[in-house]
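Peer 1: Below you'll find the structure I mean.
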Amino acid sequence: MARRAVGGAGPHGDDFSFVSPVVKYVLFFFNMLFWVISMVMVAVGVYARLLKHAEAAMACLAVDPAILLVVVGVLTFLITFCGCVGSLRENICLLQTFSVCLTVVFLLQLAAGVLGFVFSDKARGKVSEIINGAIVHYRDDLDLQNLIDFGQKEFSCCRGVSYKDWSQNIYFNCTATNPSQELCSVPFSCCLPDATEAVINTMCGQGMQAMSYLEASAFIYTNGCIDKLVNWIHSNLFLLGGIALGLAVPQLVGILLAQILINQIRDQIKLQLYNQQHRADPWY
């Protein structure tokens, strides 16, 4: 009586394995790399949070770059942990968890990109809200302050819509009752660069909000950062597309390898069951 084939491949000896070592260990080292990166991200984020004063840290929790780093790091750690252990132990449950999570992340990124393009006005409004929240806490968080200063210098802009929006910050508020020494000022990162200065003048934005656009434009950037950011995106669509592709390819490769390994493990389980049954019943 002929033996029945397993997965269409026919009977095999006990030493045969459907699981490819190449697929298994490529997936393992692929996840190991991102697992290590995620641990570094979490460590840096936690360290940055511990350096901050408790009151200031809680005040700007929603716009804290350290929190974003920790959240992304933890999610990456959990997903890649499933991929590492699942591939090494040939565990279908962990591999399926890894594959599903990676698929969800990929679809969310794709949906965010499509929705951001289709509903560009609403996306712009959301960006404005985030920038407004960040500006309010500009002096409360050094990491956030450095990030805003970097963005303003990089894009040659000041604030979200215009330089006078800095009045939303209590230190730069342009009202007569404001006791701050930075009354009606803007951060030094709004100032036009001066090649003759060897040291940056951090008080160069003093009193700029009290000036008209024409007067202030001789000393600071008067254009808002949102318009500058939108123009930069339109001018660098190919670059952004390349970055998006660079993020998508590793995810798709991970999903593909996980599915291949899952199918190989299932075939291996069928082969083991077949061999066990054959040893118990030679006529099976």
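Glycine residues also receive a Cβ, built from the backbone N, Cα and C atoms like all the rest.
Checked TrEMBL, it gives:
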- 25-48: transmembrane segment (TRANSMEM)
- 60-88: transmembrane segment (TRANSMEM)
- 94-119: transmembrane segment (TRANSMEM)
- C158-C174: disulfide bond (DISULFID)
- 237-262: transmembrane segment (TRANSMEM)
Peer 1: Grab the same-chain neighbours of the transmembrane segment (25-48) for me: Cβ-Cβ under 8 Å, and only residues 6 or more beyond its ends, written as numbers and ranges.
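Peer 2: Residues packing against the transmembrane segment (25-48) from afar: 65-70, 72-74, 76-77, 80-81, 83-84, 87-88, 98, 143, 250, 253-254, 257-258, 261.
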Peer 1: Have a look at the disulfide-bonded residues (C158, C174) and report the one with the fewest Cβ neighbours inside 10 Å.
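Peer 2: Comparing Cβ neighbour counts within 10 Å for the disulfide-bonded residues C158, C174 gives C174.
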